[in-house]
Amino acid sequence: MDKSNIKLIFFGTNEFAVPVLEALVKEGYDIVGVITEPNKPVGRNQTLTPPPVKLKAQNEKLKVFQPKNKLEIKNLISELPASTDVGVVVYYGKIIPQEMVDFPKRGLLNIHPSLLPKYRGASPIQTAILNGDVETGVTIMKIDDLMDHGEIITSVDYQVSSKDYHFKIYEDLTELGTKLLIKILPEYLSEGIKLIPQKHDKATYTKKFKLEDGEIKPDDKAKDAYNKIRAFNPEPGAYWKLSNNKILKILEATLDLETNINKTGLTRINKNPLSSTQGRPALALKGGVLILDKVKPESKKAMSGKDFMNGHAQLFK
């Protein structure tokens, strides 16, 4: 197959979509359009900033479109070649209207970071971590008219380490999905792959998490709180409410299921779960202890747990 004759459109926005676009360019596909989200205000000064995919596409001298809504996405059809063969959707962030889904001759393909039909929706990796899963994976599917509902082209398993955080698993699954897409795309385009319908009765769904979902509470189990920290770094963030009602974001922690909270090594302050062990802050929760390795106090920069403890001695008396 001469890949330079394959006309492809790419939908993607964030930094994790960039390696997929890079790989498709390297493979020699004729990318006739890159569709990404509009520029957004970023930072304290709200500087209008282009998404990472736009920067990469411009660097590759590809045609970029930034539609604001479903109607504008639909209207792009008139600006794309009628002979477009296929589309690839990776971390795009907007709902694609059915007219665009049906536009390429071989449809739109999506890299989804779970083993569908498990964990359809916005937060498959975070949900897998929260549930303590030891295995997840990547699925490449053909998009249809419902969310993460389409036929499966292929999938691959991925083992989840109990020490891995969201961003690490995100990176690994993106790399895994990219390699898988590049491997199967020629065979898919030549109609050499039999698509597998999902078992819809086995489907489970995820939600978009909010700030309040990240709160660690005194009656939480230590392991559940640890999974929350792993799942919500960097966003929306796992946090503990201090006695002064300020939020302490917990960026990294060590889970110790062996420590007995009555041992001398762990000092509990007035029965408050916020404690200290060997000069480091800790949370004594049900079934174990969370040692706070890296934290971000409200309105301040991230710091080590030890530095936070040294600067906030009054919280540990």
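Each residue's number is its place along the chain shown, starting with 1.
Glycine residues also receive a Cβ, built from the backbone N, Cα and C atoms like all the rest.
The feature (6S)-5,6,7,8-tetrahydrofolate binding site is assigned by TrEMBL to Ser114, Leu115, Leu116, Pro117. A coil conformation is recorded for Leu116 ((6S)-5,6,7,8-tetrahydrofolate binding site) in the three-state DSSP classification, outside any helix or strand. Of all Cβ atoms in the protein chains displayed, 27 besides its own lie within 10 Å of the Cβ of Leu116 ((6S)-5,6,7,8-tetrahydrofolate binding site).
Under the heading domain 'Formyl transferase N-terminal', TrEMBL lists 7-184.
The domain 'Formyl transferase C-terminal' annotation in TrEMBL covers 210-312.
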Across the domain 'Formyl transferase N-terminal' (7-184) the predicted model averages a pLDDT of 96
Can you name every residue in this chain, apart from Ser114, Leu115, Leu116, Pro117, with its Cβ inside 8 Å of the center of the Cβ atoms of the recorded (6S)-5,6,7,8-tetrahydrofolate site? His112, Lys118, Tyr119, Arg120, Pro124, Gly137, Thr139, Asp148, Ser155, Gln198
Relative to the Cβ of Pro117 ((6S)-5,6,7,8-tetrahydrofolate binding site), which residues of the same chain, six or more apart in sequence, are found under 8 Å away? Asp148, Gln198, Lys199, His200, Lys202, Ala203, Thr204
